[in-house]
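Undergrad: Have a look at this one.
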Amino acid sequence: MLHQPKTKATVGRLDAETVNAARVRGPLYEKRRKIFPKRAEGRFRRFKWLVMLVTLGIYYLTPWIRWDRGAHAPDQAVLIDLASRRFYFFFIEIWPQEFFFVAGLLVMAGFGLFLVTSAVGRAWCGYACPQTVWVDLFLVVERFIEGDRNARMRLDAGPWSLDKIRKRVAKHAIWVAIGVATGGAWIFYFADAPSLMSSLVALDAPPVAYTTIGILTATTYVFGGLMREQVCTYMCPWPRIQAAMLDENSLVVTYNDWRGEPRSRHAKKAAAAGEVVGDCVDCNACVAVCPMGIDIRDGQQLECITCALCIDACDGVMDKLGRERGLISYATLSDYAANMALATSGGTAAIDPSRVRNAHGAFRDKVRHLNWRIVFRPRVLVYFGVWATVGFGLLFGLLARDRLELNVLHDRNPQFVVESDGSVRNGYMVKLLNMIPEQRTISLTIEGMPAATMRVAGQATGDGRRVTIGVEPDKVTPLKVFVTLPKGRFAEAEEGFSLIAEDPSSHERDVYQANFNLPGAAGR
C-alpha cells in the first residue's frame, strides 16, 4: 500500500471561486466580478516585493538624481529635453540625428521580452510589468486600510456606515495621491525636476504639465485601482503574443495533477477506506491568492500572469501537511506530459499516485523534475545572441562616435555666381555640431582644387584655405561659406573638394565631399 505522509495540521477550505470557470460564465458583457486576493507569504511574494520596491524607486527617484555635466549642460541625470532636442542619460548625450541609438534600445527591449518569455514564460507580466507593479502597490494600500481578504469582502458586502465611508474615502484618496505622484514623476523626466516642482506648486507651470499629470493620474487610478486584472485580460495584447512564443520547454506555472489528483478533503479517511487520493486537499488557497481570480488547477489559461503566488500558497499548505513542496510549481510542458504519462500508465488509466511514488511515499526515479539547464536551449541562446549583438553594437557606437559633426548644404539658387574677373563662386550652408558641453575652437579647411579659396562670412579670412572658428558648447553653429575658383582653373572642379572640420586639441574630425558647380557645359 502507498505510504501516506503524516498530517501535521488541518487545512481549512477557503471560500474562493474563479472568475473564468465555465459554471459562472455569463454574457459577453457581464458586469465585472470583484476579486479580493488574499495576501500570500513565501519566496515568490518576497521577490515580488523586491521588484516592486526597486522599480518604483527607480521610477519616482530617478528625475531627482543630479549629474554634473559642466556649466553649459543640464545637471539632471536622466532628462528628455524636447526644447533642445536632446536626451541625457548620465554620461550619455543623444542628439536628434543619433536617434538610432534609441531605436536600438527598443530593439533590445523587444528581443529581451522574447528572451524572457522563451526562457521563463510570462515573468515580465508577473513581476515587472507596470500594471502588475502598480496593482500590487494599490493592494498594499487597500489591505492596510480595509484588512485582508475576508475583512475586505465583509466590508464590501456590508451596508454603508461611517466606518465604511471613512475607509473607502481614505483608500481612494491615497490611490489618487499615488496617481498624482505617478503623473508628476513622468513629467519630471522632461524638465528640470526641482524647477518644475516649484512651478507646479506656485501654479505657474505650463498647461501641458497639468494636463499630463491629470491624464496619468486618471489612468493610474482607473487601471491600478478599479480595472486591475481586466487590463491584463482584455486590453493588453501581450498575453496573445506570448502564447505564440511559448513552447514545450518554456517555464510556466503548472498544477501537477499527476501527484495532486484525485483531490480529497479527507485524505486519512479515504486512505483508510482503500481509496486512491492525491496531494491536493482542495483548500482553494491557490484561488484565494490569485490576483487574476483564476484556478491554476484548471490548466494553462490566458489570464495567468505567472506571478507564482499560487505556488507560495500551495507550498505553505504542503508544509502544514508534511508533504513535499511543488504541487504547484514552475515546470515545462514536456516534463508535465512525461509525468502525466507515468501517472496514467501512458494515458490508458486514471491518475494513480502510486505510479509516481514508491511504497515509502517518495517520488520514483522516473519522475521528471525541473532542470534549469533547459533554460539554455538553442532557441533561448539565439534570442540572447541577437540581444547581445545589438547591445554590443550600441556600446561600440557610443564609445567610437565623434562628438564633432559637419553638415553641408549647397546653395540651390543661385548654384553659382560668375564674378567680374571671370572667377566662379559657390555658396554653402555649413553647420558645425559641437556635441560636448565645452567650448571648442574648430579648424575649417578646404582640401582639393588647389587654386580655390574659401571665405566664411563674419569670420577672419585666414590664409584662404583654412579658417579658425570658435563654437559654443553643446550647440549647432551655422556658417555661410563661399568657395571661389579663378578663371582658367576650372578643370580642377572635376574632382570637387573636401571640407574638413577638425578640433586640433582632440584630433576629432569630420569630412564632407562637396561638388563645385560651373556655368555652361562645364557645370555638373
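Quick reminder: no glycine exception, Cβ is built from N, Cα and C everywhere.
When I checked Swiss-Prot for this same protein, it listed these features:
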- Cys280, Cys283, Cys286, Cys290, Cys304, Cys307, Cys310, Cys314: [4Fe-4S] cluster binding site (BINDING)
- 272-299: domain '4Fe-4S ferredoxin-type' (DOMAIN)
- 99-119: transmembrane segment (TRANSMEM)
- 173-193: transmembrane segment (TRANSMEM)
- 207-227: transmembrane segment (TRANSMEM)
- 380-400: transmembrane segment (TRANSMEM)
Undergrad: Would you count the other C-beta atoms found within 10 angstroms of the C-beta of Cys280 ([4Fe-4S] cluster binding site) for me?
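TA: The answer is 24 other Cβ atoms.
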Undergrad: Cβ-Cβ under 8 Å from Cys290 ([4Fe-4S] cluster binding site), same chain, 6 or more residues apart: which ones?
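TA: Set apart from Cys290 ([4Fe-4S] cluster binding site) by at least 6 residues yet with Cβ under 8 Å, we have Ile35, Pro37, Ile296, Leu309, Cys310.
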Undergrad: Taking the Cβ of Cys310 ([4Fe-4S] cluster binding site) as the centre, count every other Cβ atom within 10 Å, in any protein chain shown.
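TA: Result for Cys310 ([4Fe-4S] cluster binding site): 28 neighbouring Cβ atoms inside 10 Å.
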Undergrad: Note down the number of other Cβ atoms within 10 Å of the Cβ of Cys304 ([4Fe-4S] cluster binding site), including every protein chain shown.
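TA: Total other Cβ atoms inside 10 Å, all chains included: 24.
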Undergrad: Going by DSSP, give the three-state secondary structure for Cys290 ([4Fe-4S] cluster binding site).
TA: coil
Undergrad: Going along the chain, which residues six or more apart from Cys286 ([4Fe-4S] cluster binding site) have their CB under 8 A from its CB?
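TA: Spatial neighbours, sequence-distant, of Cys286 ([4Fe-4S] cluster binding site): Tyr255, Asp295, Ile296, Arg297, Cys310, Ala313, Cys314, Ile328.
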Undergrad: List, in sequence order, the same-chain residues at least six positions removed whose CB sits under 8 Å from that of Cys307 ([4Fe-4S] cluster binding site)?
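TA: Within the chain, Cys307 ([4Fe-4S] cluster binding site) has Cβ neighbours under 8 Å at Phe44, Lys48, Cys125, Gly126, Tyr127, Thr132, Pro291.
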Undergrad: Give the helix, strand or coil assignment DSSP yields for Cys310 ([4Fe-4S] cluster binding site).
TA: helix
Undergrad: So for Cys314 ([4Fe-4S] cluster binding site), how many other CB atoms are inside 10 Å of its CB?
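TA: For Cys314 ([4Fe-4S] cluster binding site), the count of other Cβ atoms within 10 Å is 29.
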Undergrad: What is the total of other Cβ atoms whose distance to the Cβ of Cys283 ([4Fe-4S] cluster binding site) is within 10 Å?
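TA: So the number of other Cβ atoms within 10 Å of Cys283 ([4Fe-4S] cluster binding site) is 21.
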